[in-house]
Each structure stands twice: as C-alpha cells, then as structure tokens.
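A.B. asks: If you scroll down you'll find the structure; I have some questions about it.
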Amino acid sequence: MAQEVPTFKLVLVGDGGTGKTTFVKRHLTGEFEKKYIATLGVEVHPLGFHTNFGELKFDVWDTAGQEKFGGLRDGYYINGQCGIIMFDVTSRITYKNVPNWHRDLVRVCENIPIVLCGNKVDVKERKVKAKTITFHRKKNLQYYDISAKSNYNFEKPFLWLARKLVGNPQLEFVASPALAPPEVQVDADLMQKYQQEMEQATALPLPDEDDADL
C-alpha cells in the first residue's frame with residue numbers, strides 16, 4: 001500500500017490583483033495537477049513539498065478572481081486548516097483590507113495558522129513600508145515579504161505553516177519544488193534592507209491607533 005501523503009487545505013485570500021494566482025502558479029507540479037471546482041469557482045492546486053520527515057502536500061484553494069465581486073462564500077473556507085492572506089506592497093488599500101480577510105477566515109476556520117504575505121517587493125515603488133505592517137503582530141500571524149514573479153521567499157510561508165501543522169519546529173524542506181523560472185530579479189541588497197527594517201519595526205511597540213500610520 002502506498003503511504004498516504006499528509007494533505008492540508010490551505011485557503012489563499014486577499015484583494016484581487018495582489019498576485020495570489022501568480023504566486024500559486026509558480027509551483028509547476030501544482031499548476032499541472034490543479035483541479036477546478038465549478039460550484040465554488042475555485043482552482044485547487046496540490047503543492048507538494050519534500051521534508052526531512054517525508055512528503056506533505058498543501059491543497060491550495062485559489063479564488064479565481066471572485067473576490068473582485070465581494071466576499072467569498074463560506075464553502076471556500078470550510079475545513080481550511082491553514083491560510084495565507086496576501087496584499088500588494090505597492091497598494092496601501094490592499095493592506096488596509098487585510099483585517100477584513102482575516103475576519104472572514106477566522107470566522108469560519110477559527111484558530112488556524114495563518115501567514116500574512118506582502119507581495120511584489122520586487123517593485124521599486126514600495127508603498128506599504130515595514131513600520132506600517134503591524135497587523136500580524138496584533139493577531140499573532142507570521143509575516144513575510146515575498147515576490148511571486150521572482151520566486152523570492154516562495155517557500156517561507158509553506159515551511160512556517162508545515163512546522164505549525166505538523167507540530168515540529170525542526171521540520172525542513174529537503175528538496176526545492178520545481179518552480180517556474182523567475183520573470184523578474186529582486187535586488188538582493190534591497191531585500192536585505194527590507195529584512196532589517198522589518199526586524200527593527202518588530203522591536204518597536206505597537207501603535208495604539210490602528211490606522212494612524214496608513
């Protein structure tokens with residue numbers, strides 16, 4: 001008997017145009033094996049990762065653009081075991097809407113591990129700076145800068161979620177999944193600067209007023 005691969009439903013949410021579909025399509029096997037659920041208008045991408053404890057899989061639910069027409073149906077969230085909320089660092093409104101996505105996610109899925117991702121850090125005109133990204137600290141989420149088009153930090157959200165779901169901080173990915181070739185390059189020095197800014201911002205006390213710095 002082939003051993004069943006542990007599989008987790010991952011709900012991917014965020015405003016339209018933040019790069020969710022671009023992000024999930026980077027994983028080539030998942031893109032090749034995706035399934036469309038017509039009743040919900042959802043594409044499910046099975047993203048496999050090889051870890052030091054064997055293989056595991058995330059069934060990533062992607063909205064196929066429905067969020068542009070308002071909220072998502074509960075069927076999208078039901079049985080979600082983990083989540084990624086995505087915003088676009090070049091668009092302040094997409095960050096401002098993060099609390100709405102978080103609220104919808106936890107209303108149905110309750111206490112699941114969630115990663116907040118700021119996408120498009122390859123774009124020079126960054127609008128949402130490290131010091132304004134505080135929502136994850138208030139809600140105990142993990143945060144990563146990512147760039148879907150360059151594959152920058154692609155694996156980070158999945159590794160963090162896998163460790164939480166399996167309950168083992170020693171879990172590592174031992175082989176990289178096949179990813180689509182980068183369409184853009186990130187500036188390594190700039191990424192390091194962003195990383196330092198994020199670390200410095202995390203050391204600061206949280207602002208009292210939620211929208212004071214938006």
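Cβ atoms are placed via backbone N, Cα and C, with glycine included.
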A.B. asks: Of the residue ranges 14-30, 65-81, which one carries the region 'Switch-II' annotation in Swiss-Prot?
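C.D. replies: Within the set 14-30, 65-81, Swiss-Prot attaches region 'Switch-II' to 65-81.
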A.B. asks: Please give the average pLDDT for the domain 'Small GTPase Ran-type' (4-168) in this predicted model.
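C.D. replies: A mean pLDDT of 93 is what the model gives the domain 'Small GTPase Ran-type' (4-168).
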A.B. asks: Quick check on the binding-site residues GLY17, GLY19: which one has the highest count of other Cβ atoms within 10 Å of its Cβ?
C.D. replies: GLY19
